[in-house]
Amino acid sequence: MCRLIRIYLKSEKVKGSEYFPNALLFHSQNFIKAGEREAARCDTWAQLVERGCMEGDIISPENTFSFSKNIEPIQLRPQEVNLKLKPGLPCTFKLDFQRVEGYPVDLYYLMDLSYSMEDDLRSIKTLGNELFNALQGITKKGQIGFGSFVDKTVLPFTNTNPEKLNKPCAETEKYCQPAFGYRHVLSMTENKAEFESEVNKQRISGNLDSPEGTLDAIMQAAVCGDRIGWRNSSTRLIVLTTDDGFHMAGDGKLAGILEPNDERCYMDNNLYSKSNEMDYPSVGQVANQLEKNNIQPIFAVTKNMEQVYRELSKMIPKSEVGVLSADSHNVVELIKNAYNRLSSKVTVTHDALPDNVRVTYTPLCPEGGTSRDKGVCNNVGVSFNVTVTADECMDSVMSFLIGPLGMKDKLKVNLSTHCKCECNDIVMVDHQNCNGKGRVNCGMCSCNAGFVGQMCECSIGEKDESSLRAACRKDNGTDCEGRGDCVCGICQCYTLPGGSTYYGTHCECENESCEKFQNKLCGGNGKCRCKNCECNPGYEGTACQCKKSDEQCRTLSGSVCSGRGTCQCNQCKCIEGYQRPYCLTCPACHSPCITKGKCIECWGFQTGPFSKNCSQACASINKFKMVEMLPPGKPCDVRDVENCRVFFTIEQLDGEDNYTAQILKTRECPKLPNIYAIIGGSIIGVTVIGILILLLIKGLFYMKDLKEYRKFMSDAQKTRWSEVSDICLHIKNITLSMAELHSSGLHYTTWGALFIKHSCKI
């Protein structure tokens, strides 16, 4: 039965007739004293009795529990319960599970048909009769189905050459079916001959890599319930046989498949139609669908894969792993043993819970222990104590399911909460404790329209209640800062546990939360006023912890904190930028060499932008001196409006903007240029450049004339030699004639022969 546990109040305030069930409620009239808040009605039983209330006036509702459905022949009892809980108060009830003898079993045989499973397929073809006999040994209402899988038919998982897709096995293999992902072969049937016939038709297939599309196949077998033929009330088993590992979510990216698995059924002509379009599911998705559809997997794998699938089994509730022999001839015995282990262990858990609801299970078996999420027992007939706790009030009835993993049977829990007063007050209109303007409900006044207040003492008349409440709210906050009641637009402040009260227009003040020093309020040297300490004469500090003194704050000049801070608790508190202990330096501030340069120019030489109102604009330099020589050290320097360098030293006096300066009388100005030299040089330069240009032009003309002359002389020479050539030709002809005369006895002159010899080269 439900157990009653009383705990302390957590709520800050009771409002209206709402009941805050983390405490007990006293509903006697006139229980709340002046200045007490309404929450004072809620407390533990002992505290309320000690404060003088009668036990008959204390309201403490119990948790309630009732059966809605409790039919005997079903494996799980009860099947539906109603709980009405007090928030924070647990309720425990008993849940019984008794496995019914001959309960229906649906077994789906899911086989890896990659090429390495060839000998295993031959064994399965001969074990059909034994499989049915084993199933009949478990239950007379058994059905069996068959499915097969290899892998996605895309690279790099399968060779996509058309010839290899059609026959992915070795060349020597005669019987080989085309590559495929997952194929549903036979829906659930009781016909042994039909099972053997379909299994005998199966042929081996193949792929490229070692891992297979195992999770694809399991997912489709789980979500395609209508195609597989799972019955509504049956123990559902998937027996998966393989000799290799499995691909999981993310591996599809190797083939450019980016769409995540959506956990839905895609079956066309008994083939998984989205195999090459959708990524492999994750282990979590597979585990979720197996649990959701009450399917228990049995992994029958070869020895080399045992450890891999044992790790997978840890992530999938109600699953078992068995080791196949080399040719799978022991698969029948393996299924028997795995089923016995599954059926002997009962794991009870729940689906999604409503917000702020907790459920724990205590198995009533020797090996069972309390667990938050589930309870486990290794017995066929077992019981569990189920403890349900609602931590907060619920607006409506909420439901959730509890049941054993892998079973269709579920317990429906309908849950609601006790969150209102359940007082049996005699209804009295215009009760005297409400000034005749309302009725009493659970010890508090419920006022008539037009009246408000703890005892309906305030008539709001034509005013709106919200406008009255607005006057009690500071900066649109809560009524009276949550420290009082708003009565007729005026805050009536609560009393503090120490006896003092909140005060102020909005109850914003109280005198008990000021800062403490040495565990004393305001160090014992002052009084607390509205959260701030008012120190006694001679003391200071936020907690009045210091005696007034400025001894450690005085500089050599006698000033306090150099005039750039205040002395608090005998230590300087400098203005921003200046450093302790005496606020002398400001590393982050701009150098006065830069910021005061214009004022130095103004005071020293009466130039610059401030020359007309120097005394006002540069009042920060209240003392300066013109000197012939500056003291040792690196001086400041600035350039004035005449581009002269002005040298000076500047020193900060007490105060934030107070300086004294020494200014060098002599400025360093740049020398004026020699105008005559510049003009003369310019003229000479222009003249020289002009002469050079004229000489260049003259030279160009001379070269051109020389070229023309040479051409003329060449043409004249050619003309002279042409005339000589004509004369020589004529003389030659004469010479020949004379030679003929000579041959006849005549002679020509000597000068003619010489002319011909020297001039005509004859």
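Keep in mind that glycine also has a Cβ here, set from the backbone N, Cα and C atoms.
Marked as disulfide bond by TrEMBL: C447-C456, C458-C472, C486-C491, C509-C514, C528-C533, C530-C561, C535-C544, C546-C553, C567-C572, C574-C583, C599-C669, C618-C644 (among others). Here TrEMBL flags 24-421 as domain 'Integrin beta subunit VWA'. What TrEMBL lists as domain 'Integrin beta subunit tail' is 593-674. Annotated transmembrane segment per TrEMBL: 675-701, in sequence order.
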If you run through the domain 'Integrin beta subunit tail' (593-674) with DSSP, how many residues end up as helix, strand and coil?
16 helix, 26 strand, 40 coil
Do me a favour and check the Cα-Cα span between C456 (disulfide bond) and C535 (disulfide bond); whole Å is fine.
43
Of C528, C561, which of the disulfide-bonded residues has the most Cβ neighbours inside 10 Å?
C561
Could you measure between C572 (disulfide bond) and C553 (disulfide bond) for me? Cα positions, answer in whole angstrom.
6
What's the CA to CA span in angstrom from C599 (disulfide bond) over to C618 (disulfide bond)?
6
Which of the disulfide-bonded residues listed here (C447, C533, C553, C574, C669) have a Cα atom within 10 Å of the Cα of C544 (disulfide bond)?
C533
C486 (disulfide bond): which of the disulfide-bonded residues C447, C472, C528, C546, C574, C669 have a C-alpha within 10 angstroms of it?
C472
These are the disulfide-bonded residues: C486, C530, C535, C618, C644. Which one scores highest on other Cβ atoms within 10 Å?
C486
Among the disulfide-bonded residues C447, C472, C491, C528, C561, C574, whose Cα is within 10 A of the Cα of C567 (disulfide bond)?
C561, C574
To the nearest whole angstrom, what is the C-alpha distance linking C530 (disulfide bond) and C509 (disulfide bond)?
4
Using a 10 Å cut-off between Cα atoms, which of these disulfide-bonded residues sit near C574 (disulfide bond): C491, C509, C514, C561, C669?
C561
Taking each of the disulfide-bonded residues C491, C567, C669 in turn and counting other Cβ atoms within 10 Å of its Cβ, which one has the fewest?
C669
Of all the disulfide-bonded residues given, C456, C458, C514, C533, C546, which has the fewest Cβ neighbours within 10 Å once its own Cβ is left out?
C546
Compare the C-alpha of C644 (disulfide bond) with the C-alpha of each of the disulfide-bonded residues C447, C458, C546, C561, C583, and give the closest one.
C583
Spatial neighbours, same chain, of C553 (disulfide bond) - Cβ under 8 Å, 6+ residues apart:
V560, C561, G565, C567, N570, Q571, C572, P581, Y582
Rounded Cα separation (Å) that holds between C514 (disulfide bond) and C458 (disulfide bond):
35
